[in-house]
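Participant: One structure coming up, written as structure tokens, with questions to follow.
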Amino acid sequence: MIDRQTNEPKQKTRIILAPMQGLVDDVMRDLLTRIGGYDECVSEFVRITHTVHSRSIWLKYVPEIANGNKTFSGTPCTVQLLGSDADNMAANALEAVRFGANKIDLNFGCPAPTVNKHKGGAILLKEPELIFHIVKTLRGRLPAHIPLTAKMRLGYEDKSRALECACAIAEGGACGLTVHARTKAEGYEPPAHWEWIRKIRDSVNIPVTANGDVFSLQDYIGIKTISGCNSVMLGRGAVIRPDLARQIKQYENGGPVKDTDFAEVSKWIRQFFELCLTKEANNKYPLARLKQWLGMMKKEFAAAQNLFDRVRTVKDADEVRNILAEFEREMNT
């Protein structure tokens, strides 16, 4: 197959669903990978402190472990760890592997203040020596056949140590690196600095995955062109536009790109709510997750605002079920 941009033979592109704490849990991973287009997804981070987690904790955060490390659609799922104590992280990684995990990712990018306050996530970008120590320790203790990867931002306050941190990850023994093209201080404010991903890609000898501000097919083409990466991770854009990965795969496969409409999205919404109820029917989780998702999709679909307004004050699951079914009928007539 020929690349549409370069007219050269096309290299295989990988699309990965990002780990997003409190947003892309196992239910959202299940739904989005069913919709299609993903080659891999990464779990929400499992926080590592002073204890070694039991099997029940691993399955709580990454139930895919019990399904051969795959979502129900068959998409591989990687276990992500967050922490700063190399020995405890290694001990927990070994336990995760003992329970069935077959790939480990390390979080050096989470910008949440509460996480950073406890020396986790992006705060470690101030200490590339510690990053190297963590990666090297885990690589040394994990079985050789277990891939070890990492995700980082461009820095904490600024980008002055971005290349140093990336090299620490590569030299520590990671076999892959995902780069979110902002610093912690920049949060999610545009723009994402895709050109910095290329700088990092050119500085390390491991594959780099590009991440940041991919909300459309054109964004995907842009980040891939500027970064030079053949692997792209989708974050908020995947939730706001549930068919984004599917569109990208249609484009990469040379076929027509089909834009979804809200009639199709309404089916996914109802399916998502049922999956949430299956997971936790007796608390606020299903309603909270539904409203969270609709609140995000309002940016892309005007009809999402209409549906959000209908369910916003409803607290009964059966009433929400009826509203979703009625809305889906309206969308398909």
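Positions of Cβ are set from backbone N, Cα and C atoms, glycine also.
Residues or ranges marked as FMN binding site by Swiss-Prot: PRO19, MET20, GLN21, GLN80, LYS151, ASN211, GLY212, ASP213, GLY235, ARG236. The site 'Interacts with tRNA' annotation in Swiss-Prot covers ARG47, ASN107, TYR188, ARG289, LYS291, ARG312 and is backed by sequence analysis. The annotation active site, proton donor is assigned in Swiss-Prot to CYS110.
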Participant: Please identify, from the binding-site residues PRO19, GLY212, GLY235, the residue with the sparsest Cβ neighbourhood, meaning fewest other Cβ atoms within 10 angstroms.
Facilitator: GLY235
Participant: At the level of the C-alpha atoms, what whole-angstrom distance separates ASN107 (site 'Interacts with tRNA') and LYS151 (FMN binding site)?
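Facilitator: Approximately 5 Å lies between the Cα of ASN107 (site 'Interacts with tRNA') and that of LYS151 (FMN binding site).
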Participant: Which ones are near LYS151 (FMN binding site): of the recorded positions ARG47, CYS110, TYR188, ARG289, LYS291, ARG312, which have a Cα within 10 Å?
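Facilitator: Matched recorded positions: CYS110, sequence order.
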Participant: Near GLN21 (FMN binding site), which residues of its own chain have a C-beta under 8 A away, given they sit six or more steps off in sequence?
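Facilitator: GLN21 (FMN binding site) has long-range Cβ partners GLU44, PHE45, CYS110, ALA112.
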Participant: If you measure from the Cα of TYR188 (site 'Interacts with tRNA'), which of the recorded positions PRO19, ARG47, GLY235, ARG289, LYS291 is the nearest?
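Facilitator: Result: the closest of the recorded positions to TYR188 (site 'Interacts with tRNA') is GLY235.
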Participant: Secondary structure at GLY212 (FMN binding site) (DSSP, helix/strand/coil)?
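Facilitator: Looking at the DSSP assignment, GLY212 (FMN binding site) belongs to neither helix nor strand, so coil.
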Participant: Between GLY212 (FMN binding site) and ARG47 (site 'Interacts with tRNA'), find the distance joining the two CA atoms and give it rounded to the nearest Å.
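Facilitator: Each residue's Cα considered, GLY212 (FMN binding site) and ARG47 (site 'Interacts with tRNA') end up 23 Å apart.
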Participant: Same-chain residues six or more away whose CB lies under 8 A from the CB of LYS291 (site 'Interacts with tRNA')?
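Facilitator: LYS291 (site 'Interacts with tRNA') has long-range Cβ partners PHE308, VAL311, ARG312.
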